[in-house]
Structure formats: structure tokens, C-alpha cells
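Here the structure comes first, spelled out in C-alpha cells, and everything after it is commentary.
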Amino acid sequence: MLSGMEKQPAMLLVLVTLCAFACKRSVAQSAFATFYGGKDGSGTMGGACGYGNLYNAGYGLYNAALSSALFNDGAMCGACYTITCDTSQTKWCKPGGNSITITATNLCPPNWALPSNSGGWCNPPRQHFDMSQPAWENIAVYQAGIVPVNYKRVPCQRSGGIRFAISGHDYFELVTVTNVGGSGVVAQMSIKGSNTGWMAMSRNWGANWQSNAYLAGQSLSFIVQLDDGRKVTAWNVAPSNWFFGATYSTSWVQF
């Protein structure tokens, strides 16, 4: 057993690790923002995270496509950011310095045919948010087209439990994880059938995680771990008669 003196360095390491993540999230950084998807935001549905209908996924219209410098090959799907129009840099901000919190749901790809400062807004290494129009119009005037912003990563507030949409076929389960609170970013996942042990899953693309086990006829449990190290276990969230194409959720498993 560790003595009190021996425990202190270990506890300090944990606190420093947690602080490093929290402090990084709380520091505002500069970027630019545009908008897409139409006035009703319908053009933002789907996207490179694989969420499909963003209402069903728990994310709604306040979303954005991230430049590749922020998107990180899909690893940042589900992250939440507070975005504020930078009134010191432009006259096109809405009065009052309004901020909006959005969820990362898509990739804004590079456009190498255009210069980075004239149309190629999402070209690396630019940090850029292509926001849904409804989200954009909370902070900036429509006619502006593009504005400088300040952003910082913030915790995600979600209603209800985490959702697991299962697609695939025998020996291949592709699970899309949505409505994730806390940091919002899934870093690791594991799956367990009622007749198996825990098996690590791998990210296939976006928010889609895969397993190559035959799990038909078994209830399914999942461990979801976020990029801040927090994790939850959703025991038997999918019953033994689960089927491909269905979404399963819990009201009690959330960050």
C-alpha cells in the first residue's frame, strides 16, 4: 500500500494531466468562419463524421465543418466549440458580441485551386469553421461571407444518453456513436457480447467504430472513452435480438 507521501506525486500527476487538457480547452484562439448549408441548415446533414441526420444524432443545427487542421482525420468529430465574432477585426459582427456553441460534424476540405486567403479558406494550415447558416447568423451579418473569430473548446451538453447506431454484416459491426457529452470526442471504444470478453474496436472513419467479431444473438455492451480519459460503460444497451440498421440508446449512460 502506498504511503501518504508516495500517493502525493501520483495524485499530482493526475491533476496536472487533467489541468493540461482543461486549460488547453479554455484558451481562446483565433480563426476564421464562413457558413454553408442554406437558411434551414439542411445542407449540413450527413458529412464526414457519419452522423447522418443531425437531429436524430442529438446535434441539431448548431454545427460546423472544420478545416483539416482542426478536423484531424475525423478524430475531433463531436467536439464542441464556443465561437465569438472578433469585433476588433471586423465591422460585420452582430451587435453585442454574441457567441455560439457548435458541434464539429463535418470536414471542410482544402480547395487547392484557390489561394488560402481568397477562397481556399480551409487549406492547411488554416484553422477555419464552416458553420451552418443558422449558427453563423447568431454572430455575424449574412452579407459578410467570412469573419475573423475567436474560439475555444468547451464541454458538450447533451440531452439523453449516448446512442449507438449499428450497421454492417456478419463478422463486421460498424457502430456510429452519437449524442456524446463531456468532451464529445470518442478516443477509444470496446465492445462485448454477452458470451465474449471485451474487445477493442478501431476507428473506421469519422465517428464510426468497427469490430470484426460474430456477435449475432448476443446482447451488446460498449465502453466509450473520451479524449480526456473519462469513460463510461453501457451495459447490454443492445438486446440479444439487435439487428443491423437499428439505433440503441440509454437514458442513463452519459458524460
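Glycine is treated like the rest: Cβ placed from N, Cα and C.
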| note | From CYS77, CYS93, CYS108, the residue that Swiss-Prot pairs with CYS85 through a disulfide is CYS93
| Per Swiss-Prot, which of CYS19, CYS77 is disulfide-bonded to CYS49? | CYS77
| field | Of the candidates CYS19, CYS156, the one sharing a disulfide with CYS80 in Swiss-Prot | value | CYS156
| field | Nearest of the disulfide-bonded residues (CYS85, CYS93, CYS156) to CYS77 (disulfide bond), judged by Cα-Cα distance | value | CYS156
| field | Position of peak Cβ density within 10 Å, selected from the disulfide-bonded residues CYS49, CYS77, CYS80, CYS85, CYS156 | value | CYS77
| note | Row CYS93 (disulfide bond), column other C-beta within 10 angstroms, all chains, value 21
| task | Round to the nearest Å and give the CA-to-CA distance linking CYS49 (disulfide bond) with CYS93 (disulfide bond). | result | 29
